[in-house]
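A.B. asks: Quick one: structure below, then a few questions.
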Amino acid sequence: MEHIRTPKVENVRLLDRSSGQRKASVGTLYLSATHTIFVENNPETRKETWVLHSMVSSVERPPTTPSGGQLILRCKDFRIFQIFIPQERDGLDVHASLARLSRPEKYSELYCLSFNPNVNKEEREESWNFIDLMADYKRMGVPNNLWVATAANGEYRVCDTYPSELFVPKSATPTIIVGSSRFRSRGRFPALSYFHQDTLAAVCRCSQPLSGFSGRCQEDEMMLQALMKSNPGSDYIYVVDTRPKLNAMANRAAGKGYENEDHYTNIKLQFIGIENIHVMRSSQQKIIDVGEMRSPSMTDFLWGLENSGWLKHIKAILDAGVFVARAVADEGVSVLVHCSDGWDRTAQACSVASILLDPYYRTIRGLMVLIERDWVSFGHKFSHRYAHLDRDPKEVSPVIDQFLECVWQLSEQFPCAFEFNERFLIAIHTHVYSCQYGTFLGNSQKERRDMRLHERTHSVWPQLWKDRGEYTNPLYKAELSQSQGVLRPNTSPYCFKMWKGLYNHAEKSTPPRQSPADFLSAVREESQQLEEELTNHQEVPPGGTAHHHHPGSRQEDRSPDGEADHLGEDRGSPEED
Amino acid sequence: MEFAEHIKTANVEDVVLRQPLQPPSRGTLCITGHHLLFSDREESDSRQVLLLLRNIDATEKSVENLTGYSGFFSNASHSERMSGSSGTITMKCKDLRVLQLDIPGMEQCLNIAHSIETLSCLDCVSEMYPFFYRPVELSLPEQWGLSSPEMHYSQMKELYEKWRLSTVNRDYSVCSSYPPAVIVPKSIDDDTLKKAAKFRQGGRFPVLCYYHKKNGMVIMRSSQPLLGANRKRCKEDELLLQAVIEGSDKGYIIDTRSRQQAQQARMTGGGFESKSFYSRWKRFHRPMERGKALQESLIKLVEACGDESNNMDRWLSKLENSKWLSHVQNALSTAGLLVECVERDGHSVLVHGSEGTDCSLLISTLAQLIMDPCCRTVEGFLGLLEREWIQARHPFQQRCAHSAYSHARLQQESPVFLLLMDCVWQLWRQFPLALGFSEALLLRLATEVYASDYGTFLCNSDQERCALGVKERTHCLFQALLRPTQRDYYSNPLYERTELAIWPSVHPQSLQLWKGYFLRWTQQVRHLEEAQEEIRNMVIEWGKLACS
C-alpha cells in the first residue's frame, strides 16, 4: 500500500478506447493494492471498470492540456484506457502510483499471493492436481518398452530448468544423459515431448549443442543414436533446428551451434527459420499499432500488416509444427527439436506439432495438459517473457501469444475440430500475463517449487474448467473427418489473417455483433434440454414443449453513432459548385 | 448455324482429366455444341463431368511429340497409341476452376482445343445454351421472372398517394435500357418525362427504385445529366427532381464519380446537377472504381490467389496491389452513406454516375439490403436483383463476357455484379443471422452470371431480351432457385428477421477476402463448407426436437 499516493480521485473521466467507446464517462477513480477501479457516477448504471495492476504494460502522461491532465493506460491484453484527471496534482500522484504498482519488483507483490478465492486449503491443493502430466504420458502409451521414466533429473540435479520427471529412450543410461546434458546449452538434454502411438515415432526436445566449430561429445551422439533406436520403424531421425540457419551458424562462434552431420550418424538436419524473441517483440508492437489505427484505408491496413511481419512469423511457427507432425505421422520418423535454449521456439514447434498430431490436445482439457507439459513443465520462462516483474525488457517477448495464435489460425481453418472457442485462448492469454494464479509464475518448475507456489497460490486450470461452458465451440464434432487424426492444415499465406479478437477489441465490442457461435451454443443447449425432456416425459401432450422460439440473446441493435462513423465525418460538407 | 462445323473431333478415348481436389481420372471426352462431357471409364460408378463450354475463360494448349511417353498411368495397353504424340489442354474457367486434359494424338488435341476456343465464346445470343436447355420436368413457356414493375407498384400501396406508374417507355422509345413501366412522381406527366429523358445519358431519367416505409423517403436512380460544356439546363428534369422532394427541405445526390471526373464529363456532353439549378439538392461525390480498372483488379486478385511462392509478404502486397478489397470497402461505405441519408438523416437521395448502369445499381442494391428486411429473404433478395439488375438493366452480356483468366483484349468487361456478391457476402458474414440466404446462393449467382443454363443473365437489356424471345424460349434462374429443394439449400438456417438496419463495418479488419469464391477450389474451403453443413444439421435437429 505504500506505493499508493492517492487512493481516490473524483470527477475523473474515463474512455475505454479499445471498446470503441466514443464519449468518456465521468466517475470516481480508486487505487487499490491490486486494481485500478473506476466507478461511473451515472446512478443508473454505476458501471465499474477494474484493471489489474499486473495487466498494465505502460502508463503514459501526455502533456497537460487546458482541460486538465490525462493518463493513457496500455494493457497487456491490448486494451487502452484514457483517463482525464482535472487536478494536475492528482494526475501526477496517480501516474506515480500506477507506474510503480504496474512494475512489481518482487514476487511477493504479485496478485496471486494475495488473491484468495473462496476455497479451502484442500480444494486449493486439489486444484494443483487437476492437470496430471503423468496420466497424459500414460494416455500416449508411455512408459513402454521404448521409452522409460528417468530419475536422473530428480531434485533438478542435471538440468534446473527441466521438470524432475522425464522420459528418455530405454537405452539412454544416466551416464549418457548426464554426458549429453553437459554438451547442451543450460543442460537441456534430449527428452520426450510427445509419443505417437500409431507410428511409434516421437517428438523430442532439447537445446542447442555446445559444438562450436568442431566440438563433439560421445554421450550426446549416443543419446541421438538412442532416440533413433527407440523408433523401430526408422533408421534415422530428423534434427529440427527452428532457427534461421544463419543465426545457428553465428552461434558456433560462441561455442554453441548445431549438430555436425559428420559426427552424428543417421540424422537429417533441418532448419526452419523462426526469428528470435527480439524480432518477435518488435513485430508484435507493429501489429498492435495496426490494430490501433483509427480509420485506416485498406491500403494502410494491408501495408501495416505486411510491414509488421507478424503473420509471416506465425506462418513460420505453424510450418515448423507441420514439418514435425508430417515427419512423425506420415514418415514415421522421430524428430528432435531445438533452437538456442530450447524453451521458446522449441516449445512453439513441439506444442503445435502435438495439436496437429493428437485430437486430444484440441479439447479444452487437452490444451491445458499440452500447455502444462510443453510450456510450464519444460521451463518456458513465463516471468521473464511476460514481464511479471520489472526486469530486463529485452527478455520480454510474445512467445506463447504466437502459439495461441497458431491454434486460433488452425481453428479458423478447421471450424469443427476444436472443442474450445476463441474466448478460451484469450482467457489463457490473459492469465499468462495477469499473475492472478500461480500457474504461470516463475521461470521453471524448480523456481515454483522453491517459492512454494502450490501452497501459496491457486492453479488457473480448475477455474477455466469450471467456466468451460463459456469456452465451448458449439460446432465441435469429434466424429467429423476434419476433426479426426492428424490435422493437415494449408499454410499458404492466404490462410492467415489478423487475429481481430485479440488485437482489436474495439471491433469486438461495438454494439453487439451477431455471433452464430453464441446462437448455436444456445441451440445446442436447448436441444439437449429438449432431448432430456423427451426421454423423461415420453407422453407429453402435443404442444407441451413447443416453445419454438429462437434461443440465445440475439441483439443486433446498432447504436446510431456506431460504426458508420466514417460517414459522419464526411457529412455536412457537400460539394458546392 | 451448325455447331458441327466447329467440331472436327467429337469423341476421344483415353483422355486424362485433372481437376482440383480430385485424383486424375482416365476416360472418354466428348464435345458437343455447348458442353464438354467427360466420363470416367475406370471407376465402377462411372463419374461424369459436364462442363458448359461458355464457362471456359481461357485455354492453353501444348502438344508434344513424345516417344516413350508414359503419362500418369503406366498401363501397357495404352502405350502404343501414346507413343506417337500427345497434347495437353489447360482450361481456365470463369468460376475460377482450372482443369487439364491430356489427350493422346496431336491432331485430336488440336481439334478439341479449336472446338473449345470457338464454341466457348460464341457471340450470337440466340445460339447460347439457355435456348437449348430443356429439362424434362419443366415445360416452356413458364413464368419468367418473379415480378414486374406493374406488380411491384401494385403491391406498394404506400406509393399510391404521391407516385404513379408511367408507361411512357412501353415501346422502349424513351429509354432503351429501362423496362416498359417505371415509377415516377405523380405530379410529373409523361411529356415532362420524355423531355427529362433527353437530358439524361441513354435516356435514363430519374426513377424511383426504393421507398423507405419508415419515413417515406426514396432512392432515385438515373444517369448523368447532359449539361455539356455550355452548361445546358432542362426545366423538366429540374421539375422532376423538385417533385421528388416535395414537402421536404432538401434531397441528396450521390455521384459515384469524383468531382473532377464529373467536371471532365462536361467536355463530352455529360456533367452533374449544378447548384444554381438544383438548389435544394446537395451533392456528394464518392468516386468508385468501374470498368476496365475493376476488371484489372479482379485479374490481379485471382492471380494473387494462384501465386504458389508461399511467401507472406508477397501475398499481402499482391492482395493490396489488386485493390479488390479497397473496392469492396468503398462500395460498402458509399452504400452506408446512402443509407445514412435516407434512414438517419431522413432525406431522399438520387444516385448516379455516368451511365447509371453499374455503380449506381451496386450501391442502391446494397443500401436496400442494409435498410429493408424484405430484401433479406431468399425471395426478397432475388426480387431485388431482378428489379435493380435485370429490369433496370445491367449490361450483363458485355460485363460478363470474360472473367479473370481471359487473354482476350478487354472490351466492356467489368465484374460489377461479382463485386456486389462479394459485398453482400461481407454483410452476410457480419450479420450471420439477419440474412435469409446462404453463402451458397451468392456463389451460385456469381457463377451463373458468367455461364448458365438459364436465360436470366442473357442480353444487355429488357428490350434485347424481348426481341430475342428470352422470356419465352429460356428458363428463368430465379424461378429455379425458388423451387422447394433448391430454396432449402439456399436458405440460411440461422435466419431470423430483424426490422433494424444492418450497418456493416467497413473497417479493413472487418472485411475479408471472400475465400468461398476466390479460393473455392482449395481443400480449406471444404472444411468451411463442412462447418456450414454442421450448422444446418444442428438447427434442423433442434427444430425437430422443438416440434416433437
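The backbone N, Cα and C atoms fix where each Cβ goes, glycine too.
TrEMBL annotations: computationally assigned, not manually curated.
As listed in TrEMBL for this protein:
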DOMAIN    A:127-503  domain 'Myotubularin phosphatase'
BINDING   A:N276, A:I277, A:C339, A:S340, A:D341, A:G342, A:W343, A:D344, A:R345  substrate binding site
REGION    A:507-577  region 'Disordered'
COMPBIAS  A:553-577  compositional bias 'Basic and acidic residues'
A.B. asks: What is the number of other Cβ atoms found within 10 Å of the Cβ of A:N276 (substrate binding site)?
C.D. replies: 15
A.B. asks: Give me the sequence-ordered set of same-chain residues, not including A:N276, A:I277, A:C339, A:S340, A:D341, A:G342, A:W343, A:D344, A:R345, with a C-beta within 8 angstroms of the centroid of the substrate site's C-beta atoms.
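C.D. replies: Counting only non-site residues, the set is A:S207, A:T242, A:R243, A:T346.
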A.B. asks: DSSP three-state call for A:W343 (substrate binding site): helix, strand or coil?
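C.D. replies: Note: A:W343 (substrate binding site) is coil by DSSP, not helix or strand.
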A.B. asks: Any idea of the Cα spread of the substrate site, A:N276, A:I277, A:C339, A:S340, A:D341, A:G342, A:W343, A:D344, A:R345, as a max distance in Å?
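C.D. replies: Max Cα-Cα spread across the substrate binders: 12 Å.
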A.B. asks: Within 10 Å of the Cβ of A:W343 (substrate binding site), how many other Cβ atoms can be counted across all chains shown?
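C.D. replies: If we count other Cβ atoms within 10 Å of A:W343 (substrate binding site), we arrive at 26.
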A.B. asks: State which of the following binding-site residues has the fewest other Cβ atoms within 10 Å around its Cβ: A:C339, A:D341, A:R345.
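C.D. replies: Among the binding-site residues A:C339, A:D341, A:R345, the sparsest Cβ neighbourhood within 10 Å belongs to A:D341.
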